[in-house]
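Enquirer: Structure provided below as structure tokens; questions to follow.
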Amino acid sequence: MWPFNRKGPSGFSSSSTAEDVTQGVDGTGLTAIVTGASSGIGTETSRVLALRGVHVIMGVRNMVAGKDAKEAIVKEIPTAKVDAMELDLSSMASVKKFASEFNSSGLPLNILINNAGVMATPFMLSKDNIELQFATNHLGHFLLTNLLLENMKKTSRKSRKEGRIVNVSSEAHRFSYREGIRFDKLNDKSGYSSFAAYGQSKLSNVLHANELARTIKQDDGVEITANSLHPGAIATNLFRQSNIMNGIVNTLGRFVLKNVQQGAATTCYVALHPQVKGVSGEYFSDSNLSKASAQGRDSELAKKLWDFSMNLIK
């Protein structure tokens, strides 16, 4: 059934599920934030982390859906420690409110999973007047990470456990605009392509993780890693909206469709597995080390995006 399920060096493959890749891993005592946790791979990531003993804070835009997802997890896993908090990544005010409330709660933070996303939307501006896919998929997470990093550093030092930041990107990062990031034309409606703009936001996820890894390495004694990943093309609502994506899926074997359990595997692997200890600034796919595009590995582009994003969140 799975022609592409050959195991990689990690011992896992594209058909491995999130439960498979965390089998035997004890996450007791760890606290994680998962954004976009009310549906799809966000919910499954939250469920499996909770199953492994992690205290999960689900960042959700829709609190009704978030509450339902939380209740479903607790019903299946009575011992699960799960909380839902409101978070709209397309709004800087919402991100700031979430981070402020979390930091005031006194909870530690070991794992941050930047998972939420919108895909191939028509041209729209966010509440902060920034192109919606870039605002939601990249900038909201950039700001969130920025606001939670001190808490993560403190937690890592105190617990002597490695902190992990995980950016859920996509192979679509290879299909951005020709120049990679349209710094001067971010809000240009005339040149807008819904799929290239999605690719741009996903390329930004890779570059953000890489530059984050570089800056953290310069901070002596801080054990926090930052990585990005491709979860696989997953049969979710996000996916159904794009005919172009369907075309790519049919053409490229690497985009073989996964179910949600398989789709959440690489995220859970990078967030929890001992094999990934100390690994930072890398790109993963199918629960194995992979290689981002040339633009995704461009350190100058990563630095430029970092400075550009810093200016936008000021």
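Glycine too: its Cβ is placed from the backbone N, Cα and C atoms.
The structure displayed is predicted, hence computed values, not measured ones.
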Enquirer: Quick one: sort out which of 1-20, 281-300 is the region 'Disordered' according to TrEMBL.
Expert: 1-20
Enquirer: So how many of the residues in the compositional bias 'Polar residues' (11-20) end up helix, strand or coil by DSSP?
Expert: 3 helix, 0 strand, 7 coil
